[in-house]
Amino acid sequence: MASKITVMPFHTVAVSVGVLVVIMALHLQGLEAQQQPLVKGLSWKYYESSCPKLESIIRKQMEKVIKKDVGLAAALLRLHFHDCFVQGCDGSVLLDGSASGPVDSEKTAPPNLSLKGFDVIEDLRRRVHKQCGAGSVSCSDITAIVARDAIVLTGGPDYSVPLGRRDGLSFATRNATLANLPSPFVGTDSLLTSLAAKNFDATDAVALSGAHTIGVAHCPSFTRRLYPTQDATMDKTLANTLKGVCPTQNTNATTFLDLRSPNVFDNKYFVDLMNKQGILTSDQDLYTDKRTREIVKSFAVNQTLFFEKFVNVMVKMGQMQVLTGTKGEIRNTCNKRNSNELVISNIVEDHNTDGVENL
C-alpha cells in the first residue's frame, strides 16, 4: 500500500486567493481535441453502426472497477502510455511471449514488469465482443477508451477518443522497449530530446507528465535521490518521510506521486513540483529546468489549461504508429494473436526513434 505523506502547511505556492477560488470552481467536461488532425483510418464515429454501445459498455464496467480499486485508474492509464510509446498504439504490450521467440519480450521488459490491468482489458474485450460480435472491436481501441475513462472517473476531463485501431501481430524486443520508454531517472534535457523524436514539444512533455497526478512510484525509481546523499531539489521534510518509507534503495514499497490529492486527476501534481515535492527526478526537473518551469507554473495555477493541453496530447499520443484498414488484426483474445503460433517480428529495433516508472 502506498504511504500517505503529510504536506507541511508552510510549503505553499504564492497564488492569490481569488485565482484559487476560480480554479476550484472550474470543472471541465466534454473537451474536444479539435486541434489534432486524425490519422487516416481513424474516426470519431468508427463504431457508430457496428458497435453503438461500445463506450457505454466500457464506462459502466469501468465505474465498478475504479470504485472497487481506484489505484487501477493510474495503472490502466499507464498501460496505454506504454503501449503507444513502443511500436505505436497497437496493443502489443498486451501480448504474452512465445517459446518460439525471444525471452525478453515487450511485456516482460523491465519498465513493463510493474504494469497492471491486463485482466481488466481482457474482461472488457469479452463484454464488448459478447455484445457486438467476435472481431468487432480491437484490444488497442479498448485500451485507449479505458485510459480515457480512468481519467474521467478520477475527476479529469472527458473527451472523445478517435477509434479504428487494429491490433499488432508482434511485440517489441526488450531493448526496443527500454529505448522507447523515458526513464524516471532522466532529467528534462533527456526527456525533451526523447519526446521530440516522437513529435512532442515541451508543453506536450509537461502535460503528459501530469498523468502522475494519480498513481504510485516504487522505491527503486526514486531512492537514488535519497541515498547516499539527498537531492538538493527535494524538500527536506519530504526526503525524511520518504526515507521512512524506503529505508534502503531497493525497499519493496511505494508512495503516491502526488502528495496533495493522490487519487484525484487534477493539477495538484504541478503544485507539488513548485514546492520541491516531486517524487521522480524526471518530474521535479520539469520545474528546475528553465525550458519547462513556466509551463509547470501555468498548469499549477490553471487547471483548465492543463486539462486542455492534456487532452490534446492524449489524442496525439493515441494516434502514434497506429495500424488501420487491413493492417494487423482484431484479436479474439488480447494476450495472443488469432493464429495458433505467435510469429515474432522485430518491428521496433533499438535505433528506432519514430513516433513515462516511465510515464
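Indices start at 1 and increase along the chain as displayed.
Glycine residues also receive a Cβ, built from the backbone N, Cα and C atoms like all the rest.
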Margin query: What does TrEMBL give as the disulfide partner of C51, choosing from C132, C139, C219?
Written below: C132
Note to self: Say which of C139, C219, C246 is recorded by TrEMBL as the disulfide partner for C334.
What the structure shows: C139
Check: Quick one: which residues besides T213, D258, D266 have a Cβ within 8 Å of the Ca(2+) 2 site's Cβ centroid, in sequence order?
Finding: G210, H212, I214, R260, S261, P262, V264, F265, N267, K268, Y269
Note to self: Let's check the environment of T213 (Ca(2+) 2 binding site): how many other CB atoms sit within 10 Å of its CB?
What the structure shows: 29
Next item on the list: To the nearest whole angstrom, state the Cα distance for the pair D258 (Ca(2+) 2 binding site) and E106 (Ca(2+) 1 binding site).
Entry: 28
Item checked: Rounded to the nearest Å - Cα separation of S92 (Ca(2+) 1 binding site) and T213 (Ca(2+) 2 binding site) -> 26
Check: Which whole-number value in Å describes the distance between the Cα atoms of C84 (disulfide bond) and D266 (Ca(2+) 2 binding site)?
Finding: 23
Next item on the list: For H82 (active site, proton acceptor), find which of the recorded positions C51, G88, C89, C219, D266, C334 come within 10 Å, Cα to Cα.
Entry: G88, C89
Check: Quick one, of the recorded positions C51, V86, which Cβ has the fewest other Cβ within 10 Å?
Finding: C51
